[in-house]
Amino acid sequence: MGAGASAEEKHSRELEKKLKEDAEKDARTVKLLLLGAGESGKSTIVKQMKIIHQDGYSLEECLEFIAIIYGNTLQSILAIVRAMTTLNIQYGDSARQDDARKLMHMADTIEEGTMPKEMSDIIQRLWKDSGIQACFERASEYQLNDSAGYYLSDLERLVTPGYVPTEQDVLRSRVKTTGIIETQFSFKDLNFRMFDVGGQRSERKKWIHCFEGVTCIIFIAALSAYDMVLVEDDEVNRMHESLHLFNSICNHRYFATTSIVLFLNKKDVFFEKIKKAHLSICFPDYDGPNTYEDAGNYIKVQFLELNMRRDVKEIYSHMTCATDTQNVKFVFDAVTDIIIKENLKDCGLF
């Protein structure tokens, strides 16, 4: 009888210990939801977490990006070539017109993700053309990957035999996120589960079941989107869409107690763009100086003023460049400190 009771006690103690361990583990688990409109930079942040908090990209993994990088490069030059027609821009050298036709034909016949020498030669000739450059300058008038200039101006390196993509090449690559991608890593004694959710409108209905028990939402908005329209609706300004989405998330009943951090991303692209295109394109009421600081601050205020519970809920914001590892490292460190302060003070661990 006594032996049975002590075995029961032992079992009970073990169970109690396990429950305590589980509770501690749960308290140390941070669920992070990355939200934002399409092409705002969510997946680039995920890649940075792999570089900063995991072991980065192995040689094999880097090599897997070659096909994506070649595909991105080809799609970018094709988008510019098509825009030459729609924007009625003339080639600087009429011989490039034949190159463009040849490229269109080749694009339909080559194996996807490859870059034959004849094709890379044509692309390099086209990229040097003054008409193509003029068209590239007007990229906000059609859909063009942010990485277009990065890859096209460095194509010679990308097609060198034995080419291995660098971390920056990998970070710049673009694949549309469909569904939900989870990344796990540890940092500052916490276990992070980060969920990247497709941003295009068709993807948004998949978000809902991710909402439960989320510790923190990182909402990503592209600063540089102020003069651009959506891929899925060319009547809607991308910045307006982003504000609309942020409004619905930061005031959602699901997130009453969730920490929200705003990443105003692509600050590098915005820095260059604001010199040429006035912010009033997006915000007709804006009459302040068209500088990086003033215009950037105005955009930040537009987002933060949507928070209906400003008196009790603070939304933290950061200007970010998702392709800059040091910048992301610094900002994520600050975000983690916010999470520790806001969400873990109640559990007695910190």
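Here, residue 1 is simply the first one shown, and the rest follow in order.
Backbone N, Cα and C atoms are what each Cβ position is placed from, and that goes for glycine too.
Just one residue in TYR57, TYR142 has phosphotyrosine written against it in Swiss-Prot, and it is TYR142.
The region 'G1 motif' annotation in Swiss-Prot falls on one of the ranges 31-44, 87-100, 283-296, namely 31-44. As annotated in Swiss-Prot, region 'G4 motif' covers the listed stretch 261-268 rather than the other ranges in 245-252, 261-268, 269-276. For the region 'G4 motif' (261-268), same-chain residues at least 6 beyond its ends with a Cβ under 8 Å from one of its own Cβ atoms are 36, 40-41, 45, 146, 216-225, 246, 292, 296, 299-300, 303-304, 315-324, 331, 335, 338. Here ARG174 (GTP binding site) comes close to GLU39, SER43, ILE68, ASN72, ASN145, ASP146, SER147: these same-chain residues lie at least six apart in sequence, with C-beta atoms under 8 angstroms from its C-beta. Here the binding-site residues are SER43, THR177, and the one whose Cβ sees the fewest other Cβ atoms within 10 Å is THR177.
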